[in-house]
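The disulfide bond annotation in Swiss-Prot covers 68-145, 123-137. Annotated domain 'C-type lectin' per Swiss-Prot: 31-146, in sequence order, evidence recorded as sequence analysis. Annotated N-linked glycosylation site per Swiss-Prot: 107, in sequence order. The annotation signal peptide is assigned in Swiss-Prot to 1-4 on the grounds of experimental evidence.
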């Protein structure tokens, strides 16, 4: 078929395939542009390339990793002040605290006065102002996941 032999002597099949590929390339370019536009708009207000989104459920820490992973995200781990502000804005809107993960080599932290205090628990939660507190991993807090897009 590709060489236009007796099965498709006029090359109609090949021409149809070429047209289909070109149409799919245009559609892909349009979808990519739309996606990047929405992402840039969502991150513009927060100044962060990371998006923090809630499903409005409250859960303890145990299922959080799986919930976020299934959604294509991860447990929040703000690495910069603007990321922490974006995370805190979600908490403020819902007037609830949420879990976060603090890496061992974190360059940015936002511990509240007197924190971390392992007597309060081994997990970390952020309040509606974005301050971090030690917490029990059994507390039911707002489910928030972090999504990071490499542009």
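Glycine residues also receive a Cβ, built from the backbone N, Cα and C atoms like all the rest.
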Under 8 Å by Cβ from residue 123 (disulfide bond), counting only residues of that chain that are 6 or more apart
61, 99, 134, 135, 136, 137, 139
Tally of helix, strand and coil residues over the domain 'C-type lectin' (31-146) according to DSSP?
38 helix, 29 strand, 49 coil
Please report how many Å separate the Cα atom of residue 107 (N-linked glycosylation site) from that of residue 68 (disulfide bond), as a whole number.
23
In chain order, residues whose C-beta lies under 8 angstroms from the C-beta of residue 68 (disulfide bond), counting only those at least six residues away in the same chain, are 74, 75, 143, 145, 146
